[in-house]
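Everything below concerns the one structure shown next.
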Amino acid sequence: MTPPRVQSESTRIDDLPLPPAAAGRPVPSRCVESTPILVARARLSLAVNDHRDPHVSQSLPKMKTDEKAAAKIAAQESDSHEAGRVNIASKQSYVLKMDLRLIPILGCTYTILFLDRTNTVANARIEGLEKGLGMPSNGYNTALWIFFIPFILIEVPSNLIMGLPRVRPNWFLGGNMLILGVIATCQGLTQSYGGLLALRFLMGIFEATLPAGAAFLINEYYTRAQMSLRYACFFCFGTLGPCISGVLAYGIRNMDGIANLEGFRWIFIIEGLVTIFVSFFVFVFVPDFPERTNILSPIEREHLLAVLHQDKGDQKLDFKSVDWMKTLSDYKIWFPTLMFFCCDMTAASMSSFIPTILTELGWTAAYAQAMSVPIWLTGMVFQVTGAFLSCRTGWRFPFVLFGVLWATIGWIIQIVYSKHGSVSAAVRYFGLFCMSGGTFLQMTMSTAWMSNNLRGRASVAAGTAIVLGFGNCANFVATNVFIKAEAPYYPTAFKTGLAITIAGAGFCMAYAGLLWRYNHRLAKKRMEAGGEDDQREYMYQI
(Lines of atoms letter the chains of each structure in order from A and count residues from 1; the text may use other names and numbers.)
(Lines give C-alpha, C1' and ligand atoms only; values in the text may rest on other atoms or scores of the structure.)
Protein backbone atom coordinates (compact mmCIF):
# COMPACT_ATOMS: atom_id res chain seq x y z
CA MET A 1 0.00 0.00 0.00
CA THR A 2 1.40 3.43 -0.97
CA PRO A 3 2.22 5.46 2.14
CA PRO A 4 0.46 8.82 2.52
CA ARG A 5 2.34 11.87 1.24
CA VAL A 6 3.26 14.67 3.57
CA GLN A 7 1.15 17.76 3.06
CA SER A 8 3.15 20.18 5.19
CA GLU A 9 6.27 20.58 7.25
CA SER A 10 4.16 20.16 10.39
CA THR A 11 3.64 16.45 9.64
CA ARG A 12 6.00 14.35 11.70
CA ILE A 13 7.26 10.82 11.13
CA ASP A 14 5.96 9.79 14.55
CA ASP A 15 2.45 10.91 13.58
CA LEU A 16 2.07 7.94 11.22
CA PRO A 17 -0.65 5.56 12.50
CA LEU A 18 0.70 2.41 14.03
CA PRO A 19 -0.31 -1.02 12.73
CA PRO A 20 -2.90 -3.08 14.61
CA ALA A 21 -0.43 -4.77 16.96
CA ALA A 22 1.16 -1.49 17.98
CA ALA A 23 -2.25 0.12 18.43
CA GLY A 24 -3.23 -2.53 20.93
CA ARG A 25 -5.44 -4.60 18.61
CA PRO A 26 -4.77 -8.34 18.27
CA VAL A 27 -3.20 -9.57 15.06
CA PRO A 28 -2.43 -13.08 13.88
CA SER A 29 0.78 -14.43 15.35
CA ARG A 30 2.27 -14.87 11.90
CA CYS A 31 2.24 -11.07 11.47
CA VAL A 32 4.05 -10.17 14.67
CA GLU A 33 7.60 -10.43 13.36
CA SER A 34 6.93 -8.31 10.29
CA THR A 35 5.26 -5.46 12.18
CA PRO A 36 8.45 -3.48 13.06
CA ILE A 37 9.69 -3.77 9.49
CA LEU A 38 6.41 -2.45 8.11
CA VAL A 39 6.49 0.50 10.49
CA ALA A 40 10.09 1.31 9.58
CA ARG A 41 9.39 1.08 5.85
CA ALA A 42 6.39 3.35 6.15
CA ARG A 43 8.31 5.95 8.11
CA LEU A 44 11.28 5.68 5.77
CA SER A 45 8.99 6.26 2.78
CA LEU A 46 7.57 9.26 4.57
CA ALA A 47 11.07 10.64 5.05
CA VAL A 48 11.85 10.13 1.36
CA ASN A 49 8.65 11.88 0.33
CA ASP A 50 9.53 14.77 2.60
CA HIS A 51 12.88 15.07 0.84
CA ARG A 52 11.32 15.10 -2.61
CA ASP A 53 8.55 17.48 -1.74
CA PRO A 54 9.37 20.86 -3.30
CA HIS A 55 7.89 22.66 -0.31
CA VAL A 56 10.30 20.99 2.07
CA SER A 57 13.90 22.03 1.99
CA GLN A 58 16.09 19.08 2.96
CA SER A 59 19.59 18.11 1.93
CA LEU A 60 20.91 14.70 0.96
CA PRO A 61 22.79 14.31 4.25
CA LYS A 62 19.51 14.95 6.02
CA MET A 63 17.89 12.17 3.97
CA LYS A 64 20.66 9.78 4.97
CA THR A 65 20.10 10.79 8.55
CA ASP A 66 16.42 9.94 8.16
CA GLU A 67 17.36 6.55 6.71
CA LYS A 68 19.56 5.86 9.71
CA ALA A 69 16.77 7.01 12.01
CA ALA A 70 14.35 4.65 10.29
CA ALA A 71 16.77 1.77 10.68
CA LYS A 72 17.16 2.63 14.35
CA ILE A 73 13.37 2.71 14.74
CA ALA A 74 13.13 -0.74 13.15
CA ALA A 75 15.73 -2.16 15.52
CA GLN A 76 14.11 -0.62 18.58
CA GLU A 77 10.60 -1.73 17.68
CA SER A 78 11.83 -5.21 16.75
CA ASP A 79 13.26 -5.53 20.25
CA SER A 80 10.03 -4.16 21.70
CA HIS A 81 7.83 -6.60 19.79
CA GLU A 82 10.11 -9.51 20.61
CA ALA A 83 9.79 -8.62 24.28
CA GLY A 84 6.04 -8.45 23.81
CA ARG A 85 6.02 -11.92 22.32
CA VAL A 86 8.01 -13.26 25.24
CA ASN A 87 5.56 -11.65 27.66
CA ILE A 88 2.61 -13.18 25.86
CA ALA A 89 4.30 -16.57 25.91
CA SER A 90 4.88 -16.25 29.64
CA LYS A 91 1.21 -15.44 30.11
CA GLN A 92 0.32 -18.95 28.94
CA SER A 93 0.97 -19.99 32.54
CA TYR A 94 -2.51 -18.70 33.38
CA VAL A 95 -3.94 -21.69 31.53
CA LEU A 96 -2.52 -23.91 34.26
CA LYS A 97 -4.03 -21.56 36.82
CA MET A 98 -7.43 -22.01 35.16
CA ASP A 99 -7.00 -25.78 35.04
CA LEU A 100 -6.29 -25.98 38.75
CA ARG A 101 -9.26 -23.80 39.71
CA LEU A 102 -11.83 -25.22 37.29
CA ILE A 103 -11.29 -28.90 36.58
CA PRO A 104 -10.71 -30.40 40.07
CA ILE A 105 -13.63 -28.72 41.85
CA LEU A 106 -16.11 -29.06 38.97
CA GLY A 107 -14.90 -32.60 38.39
CA CYS A 108 -15.54 -33.43 42.04
CA THR A 109 -19.12 -32.22 41.67
CA TYR A 110 -19.54 -34.56 38.70
CA THR A 111 -18.13 -37.45 40.72
CA ILE A 112 -20.63 -36.80 43.48
CA LEU A 113 -23.48 -36.53 41.00
CA PHE A 114 -22.67 -39.93 39.52
CA LEU A 115 -22.69 -41.36 43.03
CA ASP A 116 -26.07 -39.86 43.89
CA ARG A 117 -27.73 -40.45 40.54
CA THR A 118 -27.59 -44.20 39.95
CA ASN A 119 -24.59 -45.87 41.53
CA THR A 120 -25.76 -45.37 45.10
CA VAL A 121 -29.12 -46.94 44.28
CA ALA A 122 -27.47 -49.77 42.35
CA ASN A 123 -25.18 -50.60 45.26
CA ALA A 124 -28.00 -50.25 47.79
CA ARG A 125 -30.02 -52.72 45.75
CA ILE A 126 -27.61 -55.58 46.26
CA GLU A 127 -27.46 -54.70 49.97
CA GLY A 128 -31.21 -55.23 50.45
CA LEU A 129 -32.91 -52.01 49.27
CA GLU A 130 -35.88 -53.73 47.60
CA LYS A 131 -36.61 -55.98 50.57
CA GLY A 132 -36.08 -53.21 53.13
CA LEU A 133 -38.62 -50.87 51.53
CA GLY A 134 -41.00 -53.55 50.28
CA MET A 135 -40.57 -52.51 46.64
CA PRO A 136 -42.62 -54.20 43.87
CA SER A 137 -40.95 -56.23 41.12
CA ASN A 138 -40.52 -53.21 38.85
CA GLY A 139 -39.93 -50.78 41.72
CA TYR A 140 -36.17 -50.52 41.21
CA ASN A 141 -36.56 -49.54 37.55
CA THR A 142 -39.18 -46.95 38.48
CA ALA A 143 -36.90 -45.46 41.14
CA LEU A 144 -34.24 -45.00 38.47
CA TRP A 145 -36.26 -43.44 35.66
CA ILE A 146 -38.42 -41.12 37.80
CA PHE A 147 -35.24 -39.18 38.57
CA PHE A 148 -34.73 -38.30 34.90
CA ILE A 149 -38.11 -36.65 34.27
CA PRO A 150 -37.23 -33.34 36.00
CA PHE A 151 -33.55 -33.82 35.22
CA ILE A 152 -34.17 -33.64 31.47
CA LEU A 153 -36.81 -30.89 31.57
CA ILE A 154 -34.93 -28.48 33.84
CA GLU A 155 -31.38 -28.59 32.45
CA VAL A 156 -31.91 -26.07 29.64
CA PRO A 157 -33.71 -23.37 31.69
CA SER A 158 -31.25 -23.84 34.57
CA ASN A 159 -28.28 -23.27 32.27
CA LEU A 160 -29.92 -20.15 30.86
CA ILE A 161 -30.47 -18.84 34.39
CA MET A 162 -26.83 -19.50 35.25
CA GLY A 163 -25.76 -17.51 32.18
CA LEU A 164 -27.60 -14.36 33.27
CA PRO A 165 -25.30 -11.40 34.11
CA ARG A 166 -26.37 -11.15 37.75
CA VAL A 167 -26.01 -14.86 38.53
CA ARG A 168 -22.72 -16.06 40.01
CA PRO A 169 -21.80 -19.67 39.15
CA ASN A 170 -20.39 -20.50 42.59
CA TRP A 171 -23.58 -19.54 44.41
CA PHE A 172 -25.82 -21.12 41.80
CA LEU A 173 -23.97 -24.45 41.64
CA GLY A 174 -23.06 -24.55 45.33
CA GLY A 175 -26.60 -23.81 46.52
CA ASN A 176 -28.16 -26.49 44.35
CA MET A 177 -25.53 -29.02 45.40
CA LEU A 178 -26.15 -28.32 49.08
CA ILE A 179 -29.88 -28.96 48.69
CA LEU A 180 -29.13 -32.07 46.63
CA GLY A 181 -26.97 -33.45 49.44
CA VAL A 182 -29.73 -32.96 52.01
CA ILE A 183 -32.24 -34.80 49.80
CA ALA A 184 -29.76 -37.60 49.05
CA THR A 185 -29.18 -38.12 52.78
CA CYS A 186 -32.91 -38.35 53.39
CA GLN A 187 -33.07 -41.38 51.09
CA GLY A 188 -31.42 -43.35 53.86
CA LEU A 189 -34.08 -42.28 56.35
CA THR A 190 -37.24 -42.90 54.34
CA GLN A 191 -39.40 -45.78 55.52
CA SER A 192 -41.45 -46.38 52.38
CA TYR A 193 -41.12 -47.00 48.67
CA GLY A 194 -43.29 -43.95 47.94
CA GLY A 195 -40.97 -41.77 49.99
CA LEU A 196 -37.99 -43.00 47.97
CA LEU A 197 -39.75 -42.11 44.70
CA ALA A 198 -40.57 -38.60 45.96
CA LEU A 199 -36.97 -38.01 47.03
CA ARG A 200 -35.63 -39.32 43.72
CA PHE A 201 -37.89 -36.88 41.85
CA LEU A 202 -36.64 -33.94 43.95
CA MET A 203 -33.05 -35.02 43.37
CA GLY A 204 -33.65 -34.81 39.63
CA ILE A 205 -34.70 -31.15 39.98
CA PHE A 206 -31.58 -29.98 41.79
CA GLU A 207 -29.06 -32.23 40.08
CA ALA A 208 -30.23 -30.96 36.68
CA THR A 209 -28.46 -27.66 37.35
CA LEU A 210 -25.04 -29.17 38.03
CA PRO A 211 -23.46 -31.26 35.21
CA ALA A 212 -24.58 -29.01 32.36
CA GLY A 213 -23.70 -25.90 34.37
CA ALA A 214 -20.20 -27.21 35.06
CA ALA A 215 -19.65 -28.12 31.39
CA PHE A 216 -20.99 -24.70 30.36
CA LEU A 217 -18.53 -22.88 32.63
CA ILE A 218 -15.57 -24.95 31.39
CA ASN A 219 -16.48 -24.17 27.80
CA GLU A 220 -16.36 -20.42 28.47
CA TYR A 221 -12.69 -20.51 29.55
CA TYR A 222 -10.97 -22.52 26.81
CA THR A 223 -10.29 -22.39 23.10
CA ARG A 224 -11.60 -25.11 20.83
CA ALA A 225 -8.20 -26.79 20.67
CA GLN A 226 -7.92 -26.89 24.47
CA MET A 227 -11.45 -27.97 25.20
CA SER A 228 -11.56 -31.70 24.44
CA LEU A 229 -8.77 -32.59 26.87
CA ARG A 230 -10.45 -30.54 29.63
CA TYR A 231 -13.78 -32.19 28.94
CA ALA A 232 -12.05 -35.57 29.12
CA CYS A 233 -10.62 -34.73 32.54
CA PHE A 234 -14.05 -33.49 33.65
CA PHE A 235 -15.81 -36.66 32.50
CA CYS A 236 -13.05 -38.76 34.07
CA PHE A 237 -14.18 -37.49 37.44
CA GLY A 238 -17.64 -38.80 36.57
CA THR A 239 -16.16 -42.17 35.70
CA LEU A 240 -14.31 -42.07 39.00
CA GLY A 241 -17.67 -41.94 40.78
CA PRO A 242 -18.58 -45.59 40.20
CA CYS A 243 -15.06 -46.62 41.27
CA ILE A 244 -15.43 -44.77 44.55
CA SER A 245 -19.00 -45.98 44.91
CA GLY A 246 -17.94 -49.61 44.69
CA VAL A 247 -15.20 -49.15 47.28
CA LEU A 248 -17.45 -47.12 49.62
CA ALA A 249 -20.28 -49.61 49.33
CA TYR A 250 -17.88 -52.44 50.10
CA GLY A 251 -16.86 -50.69 53.32
CA ILE A 252 -20.21 -49.18 54.29
CA ARG A 253 -22.01 -52.53 54.05
CA ASN A 254 -20.18 -53.50 57.23
CA MET A 255 -22.06 -50.72 59.05
CA ASP A 256 -25.23 -52.80 58.90
CA GLY A 257 -26.97 -52.61 62.26
CA ILE A 258 -25.25 -49.45 63.54
CA ALA A 259 -27.89 -47.12 65.04
CA ASN A 260 -30.43 -49.81 64.12
CA LEU A 261 -30.08 -48.92 60.41
CA GLU A 262 -29.65 -51.41 57.58
CA GLY A 263 -26.49 -51.31 55.48
CA PHE A 264 -28.25 -49.92 52.39
CA ARG A 265 -29.42 -46.91 54.44
CA TRP A 266 -25.87 -46.07 55.46
CA ILE A 267 -24.88 -46.07 51.77
CA PHE A 268 -27.41 -43.28 51.12
CA ILE A 269 -26.56 -41.35 54.30
CA ILE A 270 -22.77 -41.37 53.94
CA GLU A 271 -22.75 -40.42 50.26
CA GLY A 272 -25.35 -37.69 50.89
CA LEU A 273 -23.18 -36.18 53.62
CA VAL A 274 -20.21 -36.23 51.23
CA THR A 275 -22.30 -34.20 48.76
CA ILE A 276 -23.04 -31.59 51.44
CA PHE A 277 -19.36 -31.41 52.36
CA VAL A 278 -18.22 -30.84 48.75
CA SER A 279 -20.87 -28.13 48.20
CA PHE A 280 -19.02 -25.79 50.59
CA PHE A 281 -15.90 -26.04 48.43
CA VAL A 282 -18.02 -25.15 45.40
CA PHE A 283 -19.15 -21.95 47.14
CA VAL A 284 -15.54 -20.94 47.76
CA PHE A 285 -13.51 -22.13 44.78
CA VAL A 286 -15.70 -22.10 41.64
CA PRO A 287 -14.79 -18.94 39.65
CA ASP A 288 -17.02 -16.48 37.82
CA PHE A 289 -17.25 -16.24 34.02
CA PRO A 290 -14.05 -15.07 32.25
CA GLU A 291 -15.02 -11.42 31.85
CA ARG A 292 -15.58 -11.14 35.63
CA THR A 293 -13.17 -13.75 36.95
CA ASN A 294 -10.90 -12.99 39.88
CA ILE A 295 -8.59 -15.99 39.47
CA LEU A 296 -6.57 -14.10 36.83
CA SER A 297 -4.80 -10.75 36.97
CA PRO A 298 -6.32 -7.93 34.87
CA ILE A 299 -3.62 -8.39 32.21
CA GLU A 300 -4.15 -12.16 32.11
CA ARG A 301 -7.91 -11.72 31.90
CA GLU A 302 -7.55 -9.24 29.03
CA HIS A 303 -5.26 -11.60 27.17
CA LEU A 304 -7.60 -14.56 27.74
CA LEU A 305 -10.55 -12.63 26.33
CA ALA A 306 -8.47 -11.64 23.29
CA VAL A 307 -7.44 -15.26 22.69
CA LEU A 308 -11.03 -16.48 23.01
CA HIS A 309 -12.18 -13.76 20.62
CA GLN A 310 -9.55 -14.75 18.08
CA ASP A 311 -10.53 -18.44 18.36
CA LYS A 312 -14.33 -18.15 18.53
CA GLY A 313 -15.00 -14.74 16.99
CA ASP A 314 -17.62 -12.29 18.22
CA GLN A 315 -19.79 -13.87 20.91
CA LYS A 316 -22.86 -12.40 22.55
CA LEU A 317 -22.48 -12.56 26.31
CA ASP A 318 -26.10 -11.68 27.02
CA PHE A 319 -29.35 -13.26 25.85
CA LYS A 320 -30.83 -10.16 24.27
CA SER A 321 -31.89 -10.37 20.61
CA VAL A 322 -31.14 -14.11 20.56
CA ASP A 323 -32.99 -16.02 17.85
CA TRP A 324 -34.12 -18.84 20.12
CA MET A 325 -35.87 -20.77 17.38
CA LYS A 326 -32.67 -20.87 15.34
CA THR A 327 -30.57 -21.69 18.40
CA LEU A 328 -32.76 -24.52 19.67
CA SER A 329 -33.14 -26.07 16.21
CA ASP A 330 -29.43 -25.97 15.33
CA TYR A 331 -28.27 -29.29 13.89
CA LYS A 332 -24.88 -28.68 15.53
CA ILE A 333 -26.67 -29.24 18.85
CA TRP A 334 -29.04 -32.06 17.97
CA PHE A 335 -26.68 -34.41 16.16
CA PRO A 336 -24.25 -34.51 19.12
CA THR A 337 -27.30 -34.96 21.37
CA LEU A 338 -28.37 -38.03 19.40
CA MET A 339 -24.81 -39.35 19.52
CA PHE A 340 -24.70 -38.78 23.28
CA PHE A 341 -28.06 -40.53 23.66
CA CYS A 342 -26.74 -43.59 21.84
CA CYS A 343 -23.57 -43.88 23.90
CA ASP A 344 -25.39 -43.07 27.13
CA MET A 345 -27.53 -46.16 26.57
CA THR A 346 -24.42 -48.17 27.34
CA ALA A 347 -23.33 -45.95 30.23
CA ALA A 348 -26.79 -45.98 31.83
CA SER A 349 -27.00 -49.76 31.53
CA MET A 350 -23.60 -50.16 33.14
CA SER A 351 -24.21 -47.67 35.96
CA SER A 352 -27.52 -49.23 36.92
CA PHE A 353 -26.86 -52.92 36.41
CA ILE A 354 -23.13 -53.75 36.58
CA PRO A 355 -23.32 -54.77 40.27
CA THR A 356 -26.35 -56.94 39.51
CA ILE A 357 -24.77 -58.53 36.43
CA LEU A 358 -21.57 -59.30 38.33
CA THR A 359 -23.45 -60.99 41.17
CA GLU A 360 -25.34 -63.04 38.59
CA LEU A 361 -21.98 -64.27 37.31
CA GLY A 362 -21.80 -66.16 40.59
CA TRP A 363 -19.74 -63.66 42.56
CA THR A 364 -20.65 -62.51 46.05
CA ALA A 365 -22.00 -58.98 46.55
CA ALA A 366 -18.77 -57.82 48.17
CA TYR A 367 -16.60 -59.32 45.42
CA ALA A 368 -18.85 -57.82 42.72
CA GLN A 369 -18.45 -54.36 44.28
CA ALA A 370 -14.66 -54.64 44.15
CA MET A 371 -14.54 -56.14 40.64
CA SER A 372 -16.58 -53.26 39.20
CA VAL A 373 -13.76 -50.78 39.85
CA PRO A 374 -11.38 -51.87 37.00
CA ILE A 375 -14.25 -51.58 34.51
CA TRP A 376 -14.69 -47.88 35.25
CA LEU A 377 -10.95 -47.23 35.31
CA THR A 378 -10.80 -48.55 31.75
CA GLY A 379 -13.30 -45.88 30.73
CA MET A 380 -11.05 -43.20 32.24
CA VAL A 381 -8.03 -44.44 30.29
CA PHE A 382 -9.97 -44.37 27.01
CA GLN A 383 -11.26 -40.87 27.74
CA VAL A 384 -7.92 -39.23 28.47
CA THR A 385 -6.00 -41.06 25.74
CA GLY A 386 -8.63 -40.29 23.12
CA ALA A 387 -8.86 -36.62 24.11
CA PHE A 388 -5.08 -36.21 24.01
CA LEU A 389 -4.84 -37.74 20.53
CA SER A 390 -7.83 -35.71 19.38
CA CYS A 391 -6.12 -32.49 20.48
CA ARG A 392 -2.96 -33.47 18.64
CA THR A 393 -4.73 -34.41 15.40
CA GLY A 394 -7.58 -31.87 15.43
CA TRP A 395 -10.11 -34.60 14.58
CA ARG A 396 -13.22 -35.64 16.51
CA PHE A 397 -15.36 -38.07 14.51
CA PRO A 398 -12.77 -40.89 14.08
CA PHE A 399 -12.57 -41.18 17.86
CA VAL A 400 -16.35 -41.32 18.18
CA LEU A 401 -16.46 -44.15 15.65
CA PHE A 402 -13.63 -45.95 17.45
CA GLY A 403 -15.67 -45.77 20.66
CA VAL A 404 -18.73 -47.13 18.86
CA LEU A 405 -16.66 -50.08 17.64
CA TRP A 406 -15.51 -51.04 21.13
CA ALA A 407 -18.97 -50.65 22.66
CA THR A 408 -20.42 -52.79 19.86
CA ILE A 409 -17.97 -55.59 20.64
CA GLY A 410 -19.06 -55.48 24.27
CA TRP A 411 -22.76 -55.69 23.42
CA ILE A 412 -22.18 -58.57 21.00
CA ILE A 413 -20.44 -60.56 23.74
CA GLN A 414 -23.44 -60.03 26.03
CA ILE A 415 -25.86 -61.07 23.26
CA VAL A 416 -23.94 -64.27 22.56
CA TYR A 417 -24.16 -65.04 26.26
CA SER A 418 -27.91 -64.35 26.32
CA LYS A 419 -28.52 -66.75 23.43
CA HIS A 420 -26.29 -69.64 24.38
CA GLY A 421 -25.26 -69.10 27.97
CA SER A 422 -22.00 -70.77 27.06
CA VAL A 423 -19.78 -67.69 27.34
CA SER A 424 -17.51 -67.91 30.35
CA ALA A 425 -17.66 -65.34 33.13
CA ALA A 426 -14.22 -64.07 32.11
CA VAL A 427 -15.35 -63.34 28.53
CA ARG A 428 -18.51 -61.62 29.69
CA TYR A 429 -16.46 -59.61 32.15
CA PHE A 430 -14.15 -58.57 29.28
CA GLY A 431 -17.23 -57.42 27.35
CA LEU A 432 -17.99 -54.95 30.14
CA PHE A 433 -14.49 -53.48 29.72
CA CYS A 434 -15.16 -52.96 26.00
CA MET A 435 -18.46 -51.25 26.75
CA SER A 436 -16.88 -48.95 29.35
CA GLY A 437 -13.96 -47.85 27.18
CA GLY A 438 -16.10 -47.31 24.10
CA THR A 439 -18.98 -45.42 25.67
CA PHE A 440 -16.96 -42.98 27.78
CA LEU A 441 -14.71 -42.15 24.85
CA GLN A 442 -17.84 -41.29 22.84
CA MET A 443 -19.25 -39.15 25.66
CA THR A 444 -16.18 -36.95 25.85
CA MET A 445 -15.81 -36.55 22.10
CA SER A 446 -19.51 -35.87 21.44
CA THR A 447 -19.73 -33.12 24.06
CA ALA A 448 -16.44 -31.47 23.04
CA TRP A 449 -17.37 -31.72 19.36
CA MET A 450 -20.65 -29.92 20.00
CA SER A 451 -19.02 -27.15 22.05
CA ASN A 452 -16.26 -26.67 19.46
CA ASN A 453 -18.78 -25.65 16.82
CA LEU A 454 -21.03 -23.29 18.81
CA ARG A 455 -20.54 -19.57 19.43
CA GLY A 456 -22.35 -17.23 21.77
CA ARG A 457 -23.17 -17.77 25.43
CA ALA A 458 -26.82 -18.54 24.72
CA SER A 459 -25.94 -21.25 22.18
CA VAL A 460 -23.34 -22.85 24.44
CA ALA A 461 -25.66 -22.74 27.47
CA ALA A 462 -28.50 -24.33 25.52
CA GLY A 463 -26.24 -26.79 23.71
CA THR A 464 -24.51 -28.24 26.76
CA ALA A 465 -27.83 -28.52 28.60
CA ILE A 466 -29.56 -30.26 25.69
CA VAL A 467 -26.72 -32.71 25.13
CA LEU A 468 -26.40 -33.65 28.80
CA GLY A 469 -30.15 -33.41 29.42
CA PHE A 470 -31.93 -34.96 26.45
CA GLY A 471 -28.94 -37.20 25.85
CA ASN A 472 -29.71 -38.75 29.23
CA CYS A 473 -33.12 -39.87 27.95
CA ALA A 474 -31.31 -43.13 27.29
CA ASN A 475 -31.80 -43.81 30.99
CA PHE A 476 -35.52 -44.24 30.35
CA VAL A 477 -34.72 -46.96 27.84
CA ALA A 478 -32.00 -48.62 29.90
CA THR A 479 -34.08 -48.83 33.07
CA ASN A 480 -37.02 -50.43 31.26
CA VAL A 481 -35.35 -52.98 28.98
CA PHE A 482 -33.50 -54.77 31.79
CA ILE A 483 -36.51 -56.88 32.72
CA LYS A 484 -36.10 -58.71 36.00
CA ALA A 485 -37.90 -61.79 34.69
CA GLU A 486 -35.24 -62.13 31.94
CA ALA A 487 -32.31 -62.24 34.37
CA PRO A 488 -29.52 -63.22 34.04
CA TYR A 489 -29.58 -63.23 30.21
CA TYR A 490 -31.49 -59.96 29.51
CA PRO A 491 -31.92 -60.62 25.75
CA THR A 492 -34.20 -57.59 25.25
CA ALA A 493 -31.76 -55.24 26.95
CA PHE A 494 -28.69 -56.46 25.09
CA LYS A 495 -30.30 -56.36 21.64
CA THR A 496 -31.70 -52.89 22.27
CA GLY A 497 -28.32 -51.66 23.48
CA LEU A 498 -26.55 -53.00 20.40
CA ALA A 499 -29.07 -51.43 17.99
CA ILE A 500 -28.86 -48.00 19.65
CA THR A 501 -25.06 -48.11 19.77
CA ILE A 502 -24.83 -48.83 16.03
CA ALA A 503 -27.31 -46.01 15.34
CA GLY A 504 -24.81 -43.69 17.03
CA ALA A 505 -22.28 -44.44 14.28
CA GLY A 506 -24.84 -43.37 11.69
CA PHE A 507 -25.52 -40.06 13.45
CA CYS A 508 -21.78 -39.45 13.75
CA MET A 509 -21.14 -39.91 10.02
CA ALA A 510 -24.16 -37.78 9.06
CA TYR A 511 -22.99 -34.96 11.34
CA ALA A 512 -19.44 -35.11 9.97
CA GLY A 513 -20.84 -35.00 6.43
CA LEU A 514 -22.87 -31.85 7.13
CA LEU A 515 -19.88 -30.10 8.68
CA TRP A 516 -17.63 -31.11 5.78
CA ARG A 517 -20.13 -29.72 3.26
CA TYR A 518 -20.30 -26.40 5.13
CA ASN A 519 -16.50 -26.15 5.35
CA HIS A 520 -16.15 -26.95 1.65
CA ARG A 521 -18.59 -24.19 0.69
CA LEU A 522 -16.91 -21.69 3.01
CA ALA A 523 -13.47 -22.51 1.60
CA LYS A 524 -14.80 -21.95 -1.91
CA LYS A 525 -16.38 -18.65 -0.84
CA ARG A 526 -13.11 -17.44 0.68
CA MET A 527 -11.17 -18.42 -2.41
CA GLU A 528 -13.53 -16.41 -4.59
CA ALA A 529 -13.14 -13.46 -2.20
CA GLY A 530 -9.37 -13.54 -2.53
CA GLY A 531 -8.66 -15.52 0.61
CA GLU A 532 -10.16 -12.98 3.00
CA ASP A 533 -11.26 -14.46 6.31
CA ASP A 534 -14.68 -13.34 7.50
CA GLN A 535 -14.60 -13.75 11.25
CA ARG A 536 -18.35 -14.14 11.32
CA GLU A 537 -17.89 -17.50 9.61
CA TYR A 538 -15.25 -20.03 10.55
CA MET A 539 -14.40 -23.59 9.74
CA TYR A 540 -16.11 -26.19 11.89
CA GLN A 541 -14.09 -28.96 13.50
CA ILE A 542 -14.84 -32.43 12.18
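Just so it is clear, glycine is given a Cβ too, placed from its N, Cα and C backbone atoms.
Since this is a predicted model, take the numbers as computed values, not measurements.
Over in TrEMBL, the protein carries these features:
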COMPBIAS  1-10  compositional bias 'Polar residues'
REGION    1-28  region 'Disordered'
TRANSMEM  143-164  transmembrane segment
TRANSMEM  171-190  transmembrane segment
TRANSMEM  196-219  transmembrane segment
TRANSMEM  231-252  transmembrane segment
TRANSMEM  264-286  transmembrane segment
TRANSMEM  333-354  transmembrane segment
TRANSMEM  366-390  transmembrane segment
TRANSMEM  397-417  transmembrane segment
TRANSMEM  429-451  transmembrane segment
TRANSMEM  458-478  transmembrane segment
TRANSMEM  498-518  transmembrane segment
Worksheet item: Short question: which residues 6 or more past the ends of the transmembrane segment (333-354) have a Cβ under 8 Å from it?
Response: 114, 117-119, 121-122, 144, 242, 327, 372, 375, 400, 403-404, 407, 410-411, 432, 435-436, 438-440, 442-443, 446-447, 449-450, 454, 459, 462-463, 466-468, 470-475, 477-479, 482, 493, 496-497, 500-501, 503-504, 507-508, 510-511, 514
Item to complete: Residue list, the transmembrane segment (429-451) vs rest of chain: Cβ under 8 Å, 6 or more residues beyond ends.
Response: 215, 219, 224, 227-228, 231-232, 235, 239, 332-333, 336-337, 339-340, 342-344, 346-347, 349-350, 354, 357-358, 361, 371, 374-376, 378-383, 386-387, 390, 396-397, 399-400, 402-414, 417, 460, 463-464, 467-468, 471, 501, 504, 511, 541
Worksheet entry | seg_contact(the transmembrane segment (143-164), the transmembrane segment (458-478)) with at least 3 CB pairs under 8 angstroms, min sep 6 | yes
Worksheet item: Which sequence positions outside the transmembrane segment (498-518), separated from its termini by at least 6 residues, show Cβ-Cβ distances below 8 Å to it?
Response: 331-332, 335-336, 338-339, 341-343, 345-346, 397, 400-401, 404, 407-408, 411-412, 415, 438, 442, 449, 453, 474, 477, 540-542
Worksheet item: Excluding the flanking five residues on each side, which residues at least 6 beyond the ends of the transmembrane segment (264-286) place their CB within less than 8 Å of a CB in that stretch?
Response: 101-102, 105-106, 108-109, 112, 115-116, 120, 123-125, 127-129, 132, 169-171, 173-175, 177-178, 180-189, 217, 245, 248-249, 252-253, 255-256, 258
Discussion item. Let me spell it out: take the transmembrane segment (366-390), skip the flanking residues so only those 6+ beyond its ends count, and list any with a Cβ under 8 Å from a Cβ in it.
Written reply: 123, 126, 228-229, 231-233, 235-236, 239-243, 246-247, 249-250, 253, 350, 354-355, 358-359, 396, 399, 402-403, 406, 429, 432-433, 436-441, 443-445, 448
